[in-house]
Amino acid sequence: MLIPSKLSRPVRLDHTVVRERLLAKLSGANNFRLALVTSPAGYGKTTLVSQWAAGKNELGWYSLDEGDNQQERFASYLIAAIQQATGGHCSTSEAMAQKRQYASLTSLFAQLFIELAQWHRPLYLVIDDYHLITNPVIHDAMRFFLRHQPENFTLVVLSRNLPQLGIANLRVRDQLLEIGSQQLAFNHQEAKQFFDRRLSSPIEAAESSRMCDDVAGWATALQLIALSARQNHTSAHHSARRLAGINASHLSDYLVDEVLDNVDVSTRHFLLKSAILRSMNDALIVRVTGEENGQMRLEEIERQGLFLQRMDDTGEWFSYHPLFGSFLRQRCQWELAAELPEIHRAAAESWMEQGFPSEAIHHALAAGDAQMLRDILLNHAWGLFNHSELALLEESLKALPWESLLENPRLVLLQAWLMQSQHRYSEVNTLLARAEQEIKGVMDGTLHAEFNALRAQVAINDGNPEEAERLAKLALDELPLAWFYSRIVATSVHGEVLHCKGDLSQSLSLMQQTEQMARHHDVWHYALWSLIQQSEIQFAQGFLQAAWETQERAFQLIKEQHLEQLPMHEFLVRIRAQLLWAWARLDEAEASARSGIAVLSTFQPQQQLQCLTLLVQCSLARGDLDNARSQLNRLENLLGNGRYHCDWISNADKVRVIYWQLTGDKKSAANWLRHTPKPAFANNHFLQGQWRNIARAQILLGEFEPAEIVLEELNENARSLRLMSDLNRNLLLLNQLYWQSGRKNDAQRVLLDALQLANRTGFISHFVIEGEAMAQQLRQLIQLNTLPEMEQHRAQRILREINQHHRHKFAHFDEGFVERLLNHPDVPELIRTSPLTQREWQVLGLIYSGYSNEQIAGELAVAATTIKTHIRNLYQKLGVAHRQDAVQHAQQLLKMMGYGV
């Protein structure tokens with residue numbers, strides 16, 4: 001819940017001096033990216049900018065305090081301020097900020113700018129007291145903000161010092177409007193206007209000018225002169241002499257003498273007690289000061305000129321001038337030290353009554369009241385956890401003694417979930433074990449089950465599925481239905497374990513249950529996770545169309561709940577890319593993989609390994625080996641600099657081994673095979689994939705017998721577990737083994753099985769990646785004209801893809817190739833004496849690649865009759881009568897040139 005006063009522009013008071021010369025300068029702010037107003041405290045920064053902002057509807061105001069160094073809090077208020085300025089135009093950004101569903105501040109701002117691209121009128125955001133920001137993450141994000149904000153957007157920053165926002169760069173590019181303390185200092189005319197409005201009897205212009213010069217135009221000093229003159233009934237000139245040359249560091253003594261010592265005891269205590277509040281309203285004042293009418297007292301203090309300012313148009317919220325507030329808080333610690341804890345307790349209670357637990361925690365911490373802090377956390381900690389107030393929770397839990405946590409074990413559970421969210425898995429188990437050992441008496445069974453649900457999540461994250469399953473089952477046996485969050489966690493973990501064990505049907509059922517529970521209780525990250533798992537299971541079962549439809553539901557959930565910046569979004573676009581790749585939609589697959597990398601742009605590069613693997617796959621399917629090699633260099637660098645799940649390693653190894661196969665790099669394959677551990681089982685798609693990599697390397701090295709043993713066992717497991725996509729892949733690799741070992745009948749048999757199974761999976765690229773050996777077999781099957789209609793159609797599609805992407809490596813008779821061919825000592829004499837034209841060589845290559853006459857005409861952009869003439873001529877020169885004879889002739893030429901066809 002956001003405090004309204006932090007988003008309200010200060011109210012312009014009637015007796016303030018209108019700074020016309022500075023307002024004229026600010027009137028051109030819309031021509032700059034940044035308007036920066038800097039000066040020490042008390043020079044009138046906020047007053048000036050509030051005057052300038054008056055009448056501007058499309059302006060947001062954000063008043064900072066020390067708590068805004070938490071980046072989640074900063075983001076929530078900043079987006080809320082822009083929402084006020086735009087009348088709710090940026091709803092997606094607002095939802096993401098409220099739910100903390102963004103990867104980083106920069107990614108949230110990127111989404112904001114996408115929405116603001118449709119906003120075409122001038123727009124302003126004022127951030128007051130930016131000097132309070134010390135978090136470098138926020139500074140970095142605001143530099144990003146300034147670089148990328150729309151042209152019609154102006155950021156206005158008020159600060160006591162020069163903020164770390166890349167000011168020099170903006171200044172050089174003339175994108176910075178600056179107002180500093182010299183300009184903010186009152187001139188003689190403004191000082192005269194000021195005194196005329198504040199003092200009952202006017203003073204001469206010369207005297208006013210002298211006083212202005214004495215204090216160097218410092219607005220706070222002028223205000224103190226007027227206040228002192230009114231309170232003490234002395235001349236303003238006397239006060240001015242005392243303030244001459246004073247600065248903020250020496251102001252405390254003056255404020256004691258001239259302000260605090262000149263108010264009655266009741267007002268003094270009111271000022272000191274209320275100063276602990278960063279913002280205040282009637283209810284807070286009543287509770288903290290004991291005054292019966294807080295609003296009336298606030299208005300009275302304001303009338304006395306005691307540095308109190310309204311924070312909103314309704315006059316409900318007030319705050320002290322920062323300089324005066326800081327002074328009062330310091331005096332409060334000295335004068336009311338014994339009462340201070342009780343004052344903070346009263347403030348915490350009032351904030352709680354108004355529904356602001358974060359502010360209440362701030363005061364409970366200041367009071368050092370562990371019992372109050374404990375009670376607030378017991379009632380509100382999980383809500384704060386779900387809103388990602390993690391830093392505040394961590395600070396609060398550290399402030400509680402361990403004995404207090406043991407007496408309230410749900411707080412131990414909260415601390416453990418905090419550790420889990422930070423991937424501190426070993427610490428989670430240590431903490432829970434210590435708590436179970438030291439909790440006095442019999443531990444509540446439900447709480448023990450919640451501990452086990454969390455332990456199960458830690459175990460699966462840490463790659464220990466057996467322990468995860470045991471703990472998840474224990475948790476589900478003991479958890480009441482009302483304990484929905486832990487039940488969702490345990491059900492999800494159990495489903496994931498069954499997925500790892502290859503029990504796909506039961507795993508799918510549990511993930512569907514997880515989705516249903518998570519949607520019902522608005523636990524959106526688990527709803528998304530369960531959909532991703534369902535899609536992976538359906539893919540493994542060979543139901544790729546069902547997997548596609550599940551992914552569509554996941555994309556819709558992301559859109560509805562603004563989950564675009566969760567790291568899980570990358571998982572979804574990655575499995576979408578895998579599916580698109582399988583269907584040979586390579587451009588879309590590559591785009592999905594790149595969007596996954598974009599989602600992870602603010603994370604460690606190692607997180608991008610899976611998407612980078614997919615980019616390599618796309619290059620390999622296209623036959624673009626140069627690009628694949630470049631991407632593999634980066635991939636292998638990442639592999640050497642991180643720890644990865646076996647699934648990630650298997651996918652990365654897959655593209656490496658395929659690349660070695662396509663380039664004939666037996667040395668790399670042999671070295672990899674020597675050092676790669678062989679999995680103990682093959683009962684899920686991760687392990688099947690790594691065993692398949694091993695078999696592919698063995699085939700490349702001519703180790704056909706061990707490769708056949710591996711593949712037959714993989715097929716047996718895949719059939720028993722219904723891992724149909726893996727079975728389809730295994731059959732294709734077995735086909736290559738049989739083909740290369742000369743067992744042509746066996747090769748044809750398993751290829752027919754693979755084509756039939758592809759009617760279910762829709763696989764295309766898995767065939768294409770096998771290149772020319774696959775193309776030769778498909779040509780033969782097509783020419784036999786015995787394939788069923790669906791298999792015939794798929795074979796033709798696969799052949800077209802191979803021709804499109806792999807022809808240049810095997811069958812593209814370009815000028816360089818032809819020149820080398822004609823100079824070969826074994827070239828047939830007929831070709832030497834009746835050489836083909838360059839066009840006829842191209843036609844021969846396309847015939848060899850399986851193109852029909854119409855397809856050749858389309859490829860070469862000539863008429864079909866012209867192609868017939870070329871074919872007739874080349875048949876005559878080659879001494880052949882039929883297309884199949886031409887194909888065999890081309891194959892002999894390629895073999896002669898050393899191509900393994």
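Think of each number as a place in line: the chain as shown, counted from 1.
The backbone N, Cα and C atoms fix where each Cβ goes, glycine too.
Long-range contacts of the DNA-binding region (853-872) within the same chain, counting only residues at least 6 positions beyond its ends with a Cβ under 8 Å from a Cβ of the stretch, are 800, 839-840, 842-843, 846-847. Annotation comment: Swiss-Prot describes 853-872 as DNA-binding region, evidence class sequence analysis.
Marked as ATP binding site by Swiss-Prot: Ser39, Pro40, Ala41, Gly42, Tyr43, Gly44, Lys45, Thr46.
Using DSSP to sort the residues of the domain 'HTH luxR-type' (829-894) gives these counts of helix, strand and coil: 51 helix, 0 strand, 15 coil. The domain 'HTH luxR-type' annotation in Swiss-Prot covers 829-894 and rests on sequence analysis.
Counted within 10 Å of its Cβ, the other Cβ atoms near Lys45 (ATP binding site) come to 24, all protein chains included. Using the Cβ center of Ser39, Pro40, Ala41, Gly42, Tyr43, Gly44, Lys45, Thr46 for ATP, the list of other same-chain residues with Cβ within 8 Å runs, in sequence order, Arg160, Ser181, Leu184, Ala219, Thr220, Leu323. DSSP assigns Gly42 (ATP binding site) to coil in the three-state reduction, placing it in neither a helix nor a strand.
Remark: Ser39 (ATP binding site) has Lys45, Arg160, Gly180, Ser181, Leu184 as non-local neighbours, by Cβ distance under 8 Å and separation of at least 6 in sequence. The domain 'HTH luxR-type' (829-894) scores a mean pLDDT of 85 in the predicted structure.
With all protein chains in the displayed structure included, the most crowded Cβ environment within 10 Å among the binding-site residues Pro40, Gly42, Gly44 is that of Gly44.
When Cβ atoms from all protein chains are considered, those within 10 Å of Thr46 (ATP binding site) total 20, not counting its own.
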